[in-house]
Amino acid sequence: MLMRLLPLPSLTDGRPLGCCCTCQGSMKGDELKAQGPLPPQPLQGPLKGDKCEQPGLGPEPTAPQQHTEEEEALIEFHRSYRELFQFFCNNTTIHGAIRLVCSKHNRMKTAFWAVLWLCTFGMMYWQFALLFGEYFSYPVSLNINLNSDKLVFPAVTVCTLNPYRYKEIKEQLRELDRITQQTLFDLYNYNASSTLLAGARSRRSLADTLPYPLQRIPVQPEPRRARSSDPSSVRDNNPRVDRRDWRVGFQLCNQNKSDCFYQTSSSGVDGVREWYRFHYINILAQVADTSPRWEEETLGNFIFACRFNQAPCTQENYSHFHHPIYGNCYTFNNKNDSSLWMASMPGINNGLSLTLRTEQNDYIPLLSTVTGARVTVHGQDEPAFMDDGGFNLRPGVETSISMRKEALDRLGGSYGDCTQDGSDVPVQNLYPSKYTQQVCIHSCFQENMIKQCGCAYIFYPKPKGVEFCDYTNHSAWGYCYYKLQGAFSSDSLGCFNKCRKPCNVTIYKLSAGYSRWPSAASQDWIFQMLSLQNNYTISNKRNGVAKLNIYFKELNYRTNSESPSVTMVTLLSNLGSQWSLWFGSSVLSVVEMAEFMFDLLVITLLMLLRRFRSRYWSPGRGARAAREVACTPPPSLPSRFCAHSAFPTLTAPPPAYATLSACPPLQGLAGASSAACAPREP
């Protein structure tokens with residue numbers, strides 16, 4: 001039996017209104033052709049066998065099967081955590097993950113592999129934490145390189161080691177010497193001059209002449225400490241230097257005399273020198289700004305002979321400056337020279353050789369108690385710090401100084417606390433030179449001196465518009481200075497923390513050798529030649545001259561450079577090694593793990609969003625609800641079969657199916673009329 005289904009208009013939910021079926025039995029082909037096509041029988045129920053059934057009682061017609069491919073979405077997510085975990089374990093390249101799902105019927109194996117996988121995962125990330133901790137600690141490695149080339153000869157500064165009595169302050173220094181001699185007689189009964197006690201002037205109080213006289217200060221006895229049973233408490237091994245009942249010093253007070261203290265020394269010699277130095281600084285400060293220029297002592301009065309690389313020196317090879325304590329200083333091969341000296345050969349004959357005069361005529365004996373000269377070696381663009389890096393030359397001795405150059409390159413930023421040029425240091429550079437740590441420290445002290453005391457210390461440069469300290473204009477500057485010096489020594493000012501080390505440093509390591517010069521056999525003709533050459537008679541031959549040789553011991557110089565111990569490449573290599581060790585995976589496996597975590601996060605957010613919508617939000621009414629109902633596919637059909645896109649929304653009531661009468665029994669297919677199944681009007 002053949003059945004032909006005639007489609008009818010359907011409702012908005014996608015179900016047909018009805019169908020009419022014609023049953024064909026044993027009709028022959030020619031009869032069917034003669035009869036022609038049967039007209040459709042509307043509103044009739046389908047026939048089952050030779051009977052006509054009511055609409056809706058039979059099975060619903062199914063759509064014709066068509067081989068269509070479902071379109072894949074651009075982004076698809078799994079519906080549950082279980083499905084996501086199952087997919088990840090079955091498809092990942094991480095070793096051991098498949099064991100979590102392949103043995104699901106054996107819970108013991110599954111638990112064993114789960115614990116083993118988690119422990120391995122934890123160990124790997126513990127190693128990761130150690131590697132990241134090492135990387136972010138920014139360790140450095142020191143690389144030592146040995147180079148050989150022509151070297152630039154450093155700058156050499158030589159000072160007379162005693163200030164000269166300049167004409168601007170000669171009278172004031174003479175008065176200070178007279179008062180000092182009177183003080184020595186009063187305190188120690190020392191008579192430096194036979195005429196010191198002549199006249200009543202020597203008997204008057206020193207307070208009438210100087211505001212801060214040197215005096216005896218009684219020492220308070222220290223209280224005895226009770227004996228302790230603690231065996232760790234031992235007797236002080238540093239006994240008091242001065243066991244007398246008094247010390248030598250001078251009193252300093254603040255501006256309103258409300259606070260005073262005594263600046264004392266354990267030695268009488270040190271106390272007298274400190275007191276004389278304090279008043280000498282005041283005298284220098286009074287004339288430092290008014291004097292247009294300190295008179296320069298001629299080079300021949302201090303340096304008898306100068307030779308570099310076996311060639312005589314010229315006036316263009318040195319510059320002069322004055323130091324408050326060390327007197328006239330001369331710098332050879334400084335940055336102001338037209339051409340720098342180059343050392344192409346090592347050895348004593350290829351360096352700087354100086355013959356110095358060390359006699360001290362008309363100098364200040366109370367300010368400097370040593371004889372000779374002072375020398376320091378530094379870079380061309382660095383100032384000469386005679387107090388910090390200099391050393392003394394002994395008269396009657398030839399001092400040979402050999403040098404070795406070393407360069408240090410530090411890493412800045414996160415790898416080290418250094419500065420490239422000092423621009424990021426919160427201290428103004430007061431020196432006309434490049435940044436060094438010593439320059440910064442002295443500038444920091446001068447800044448605090450100006451800020452707290454209102455004047456500048458004469459030993460260091462000062463900014464414009466600031467005057468040097470003296471007790472004529474700043475009566476309490478000594479009190480402020482010594483208080484500030486104590487705070488500076490204990491680093492209470494923070495200068496050592498502010499002044500960072502430079503990243504690039506060039507240093508010269510020095511080693512000295514000494515020999516007697518001139519020898520007893522040659523001293524007569526040498527002194528005679530020096531006297532004739534310089535038009536100067538050396539009174540004390542042995543103590544009147546000294547010789548200095550400075551040269552490179554070798555042209556090989558060492559470069560110490562820092563480099564990161566753990567770079568980004570090293571970190572990635574170590575991370576990859578750990579990942580391969582514990583899981584035997586690659587970078588793509590890491591991407592798979594990241595994808596798994598991303599999917600897990602998205603699924604969690606979608607579930608939370610669905611729960612939020614079901615609890616706090618309900619769909620609208622009317623046509624919107626009708627469209628949602630119409631677009632809801634049956635459970636047996638995929639979601640792409642939606643009727644609202646193909647059929648209009650139902651706006652009229654459905655037909656009255658109760659008015660449709662049943663078809664009468666068919667007598668014969670041959671004489672059946674198409675009108676027999678015609679619908680009746682309601």
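Positions of Cβ are set from backbone N, Cα and C atoms, glycine also.
Of the cysteines listed (CYS19, CYS306, CYS313, CYS329), Swiss-Prot assigns CYS329 as the disulfide partner of CYS159. Between CYS495 and the candidates CYS418, CYS440, CYS444, Swiss-Prot records the disulphide bond with CYS444. Among ASN90, ASN191, the residue that Swiss-Prot annotates as N-linked glycosylation site is ASN191. Local packing around the disulfide-bonded residues CYS159, CYS260, CYS455, CYS480, CYS499 was summarised as the count of other Cβ atoms within 10 Å of each Cβ; on this measure the leading residue is CYS159. A sphere of 10 angstroms centred on the C-beta of CYS495 (disulfide bond) encloses 19 other C-beta atoms. Checking the disulfide-bonded residues (CYS329, CYS455, CYS499) against CYS440 (disulfide bond) with a 10 Å Cα-Cα cut-off leaves CYS499. Note on the transmembrane segment (112-132): residues 96-97, 99-100, 103, 571, 574-575, 578-579, 581-583 of its chain, located 6 or more positions outside it, place their CB under 8 angstroms from a CB of the stretch. Listed in sequence order, the residues of the same chain lying 6 or more apart from CYS444 (disulfide bond) and placing their CB within less than 8 Å of its CB are VAL427, LEU493, CYS495, LYS498, CYS499. Comparing the Cα of CYS306 (disulfide bond) with the Cα of every entry in ASN191, CYS253, CYS260, CYS469, CYS503, these being the recorded positions, the smallest distance points to CYS503.
If you measure from the Cα atom of CYS480 (disulfide bond) to that of CYS418 (disulfide bond), you get 32 Å. Within 10 Å of ASN504 (N-linked glycosylation site), counting C-alpha to C-alpha distances, fall none of the recorded positions CYS159, ASN191, CYS260, CYS453, CYS469.
Considering only the recorded positions CYS159, ASN191, CYS313, CYS329, CYS453, CYS260 (disulfide bond) has CYS453 as its nearest partner by CA-CA distance.
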